[in-house]
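As recorded in Swiss-Prot, the features of this protein are as follows:
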type    : residues    : note
BINDING : 54, 58, 124 : Fe cation binding site
């Protein structure tokens, strides 16, 4: 079985919240795709409830695209501690951390239920499992800790 980089990361050494560049892969025509670890909470210490994580996921899908070019996908980790962000091209962790911070500031602040895309039976595979209240509370907590552009040394972005 192929080795998966994320499973070789020593989860006891990282300091969440952070943005980590996992890898840059180049396609046959030279196109670069970058995979980021957006770790919102400390692994093996806490996990975001599914309704809150689901709502954060739906909001980040649009908010990150508004804040940076080349977003392909932002999907939650099964462990519920953060997200994979896949982008076209090469972006640095500071740029991504700033986009994430700005997105979470919107979620924690002015976001209203109407801002959450894909919350109906025809637009979501589990539309009843959302909580804007939970998403807001998690966003506030994450922001209060600061988002680092480095997983091992706290380099909190402004």
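For all residues, glycine too, the Cβ spot is worked out from N, Cα and C.
Each of the binding-site residues 54, 58 was scored by how many other Cβ atoms lie within 10 Å of its Cβ, and the smallest score goes to 58. The Cβ of residue 124 (Fe cation binding site) lies under 8 Å from the Cβ of 58, 118, 130, each of these being in the same chain and 6 or more residues away along the sequence. Same-chain residues with CB within 8 A of the center of the 54, 58, 124 CB atoms, the Fe cation site residues themselves not counted, are 55, 57, 116, 118, 119, 126, 127, 129, 130.
According to DSSP, residue 124 (Fe cation binding site) sits in a coil region rather than a helix or strand.
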